[in-house]
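Participant: Residues annotated as domain 'Lactate/malate dehydrogenase N-terminal' in TrEMBL: 16-130. Residues or ranges marked as NAD(+) binding site in TrEMBL: 20, 83, 107, 108, 109. According to TrEMBL, the feature substrate binding site maps to 70, 76, 109, 140. The active site, proton acceptor annotation in TrEMBL covers 165.
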Ligand SMILES: NC(=O)C1=CN([C@@H]2O[C@H](COP(=O)(O)OP(=O)(O)OC[C@H]3O[C@@H](n4cnc5c(N)ncnc54)[C@H](O)[C@@H]3O)[C@@H](O)[C@H]2O)C=CC1
Ligand SMILES: O=C([O-])CC(=O)C(=O)O
């Protein structure tokens, strides 16, 4: 998707740096062969490597997907002790070798806390440049609302995912809009079922139960959506959800990577301010914020142990 122009546009040539661990180098060679066989005009080079220093050398964008996935019955935070050290190493390598304006998307779970750790170990790169992926949750929510209302998924916008990419996240459709026959209406009016709106679960666990593996295709698409919007900008008056460093907006704890509604322009994101938040939403935001603070202190104790 990246190499065929879905992220940086149809006129932007690129070089892909592909990082994996030493036992996977043979498999990675196969990926390199397939990329060549795809005959992608925008792909001007591929650098397969097991060395983070080579992988992150002068990169402008980093998709951090290399991490252990959870199995059925696990919570994403169960991956913390296995994965958090990867993001320390990758943060240090980004700090030393990447461009100072590199934009980083963390996909590996627990994504929010891994993004925070990565940023902590890359002090020469602005904290705003480290983000975590909640776009898959947003896309899942939009798809389910579109199906319920009976419109194409592109007609549903402004769904918000607040907080952690975990079971405490708060998927909030109260500001969502649905375009029905050219007229934009509130999703709550289009669905006309408040209980359904509040009870829909946008979790990856159902996919893991069916596939015995994490979401892959939809996660890749969401990563591309996230980076495209960050690099190329969001549509005016519309917002998307991204895990970003919290400034305390909407009462969220500061200095955790918290998913907010953001609008992007000229390569910068801004938290959309002033949206009304009711008591139910406040309670949900507090719960997911608390979990992120707990994950942060657990991550630091794993790293410092
Ligand atoms: N934020 C989100 O919405 C989503 C997050 N995920 C997460 O993404 C991560 C990857 O999931 P899958 O691709 O399904 O797993 P996978 O097991 O299929 O692939 C992981 C790859 O990362 C590599 N890897 C492991 N340690 C590494 C290291 N230190 N450096 C570089 N590469 C390394 C592995 O060798 C493997 O090739 C998991 O943590 C999963 O939970 C997956 C889907 C959605
Ligand atoms: O559920 C998982 O472990 C993988 C993931 O993050 C998702 O699909 O949202």
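The chain as shown is numbered from 1 upward.
Just so it is clear, glycine is given a Cβ too, placed from its N, Cα and C backbone atoms.
Remember, TrEMBL labels are computer predictions, not curated facts.
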Participant: Cβ distance under 8 Å to residue 109 (NAD(+) binding site), same chain, sequence separation 6 or more: which residues?
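Facilitator: Counting only residues 6 or more apart in sequence, the Cβ neighbours of residue 109 (NAD(+) binding site) under 8 Å are 67, 69, 70, 76, 79, 83, 165.
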Participant: Under 6 Å from ligand 2 by C-beta, which of these binding-site residues make it: 70, 107, 108, 109, 140? Sequence order, please.
Facilitator: 70, 109
Participant: Same-chain residues six or more away whose CB lies under 8 A from the CB of residue 107 (NAD(+) binding site)?
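Facilitator: In sequence order, 63, 64, 65, 67, 133, 219, 223 meet the Cβ cut-off.
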Participant: My understanding is the cutoff is Cβ-Cβ under 8 Å with a sequence separation of 6 or more in the same chain; which residues meet that for residue 108 (NAD(+) binding site)?
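Facilitator: The list for residue 108 (NAD(+) binding site) reads 64, 65, 66, 67, 68, 83, 86, 87, 114, given in order along the sequence.
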Participant: Taking 10 A as the limit, how many CB atoms besides its own sit near the CB of residue 83 (NAD(+) binding site)?
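Facilitator: There are 25 such Cβ atoms around residue 83 (NAD(+) binding site).
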Participant: By DSSP assignment, list the helix, strand and coil residue numbers for the domain 'Lactate/malate dehydrogenase N-terminal' (16-130), in that order.
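Facilitator: Counting residues by DSSP class gives 55 helix, 20 strand, 40 coil.
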Participant: As a test of the contact definition, list every same-chain residue at least 6 positions from residue 20 (NAD(+) binding site) whose Cβ is closer than 8 Å to its Cβ.
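Facilitator: Long-range Cβ contacts: 27, 28, 48, 50, 66.
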Participant: Count, for each of the recorded positions 70, 140, 165, the other C-beta atoms lying within 10 angstroms of its own C-beta, and report the residue with the smallest count.
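Facilitator: If we count Cβ atoms within 10 Å for the recorded positions 70, 140, 165, the smallest count is at 70.
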Participant: Do you know the mean pLDDT across the domain 'Lactate/malate dehydrogenase N-terminal' (16-130)?
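Facilitator: Summarising the domain 'Lactate/malate dehydrogenase N-terminal' (16-130) by its mean pLDDT gives 96.
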Participant: Given that the record lists 70, 76, 109, 140 as binding substrate, what is the largest C-alpha to C-alpha distance among them, in Å?
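Facilitator: About 19 Å separates the two most distant Cα atoms.
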Participant: Could you give the maximum C-alpha to C-alpha distance in Å for the residues 20, 83, 107, 108, 109 that bind NAD(+) per the record?
Facilitator: 16
Participant: According to DSSP, does residue 140 (substrate binding site) sit in a helix, a strand, or coil?
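Facilitator: The three-state answer is helix.
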Participant: Relative to the Cβ position of residue 76 (substrate binding site), how many further Cβ atoms are located within 10 Å?
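Facilitator: Taking every protein chain into account, the count is 24.
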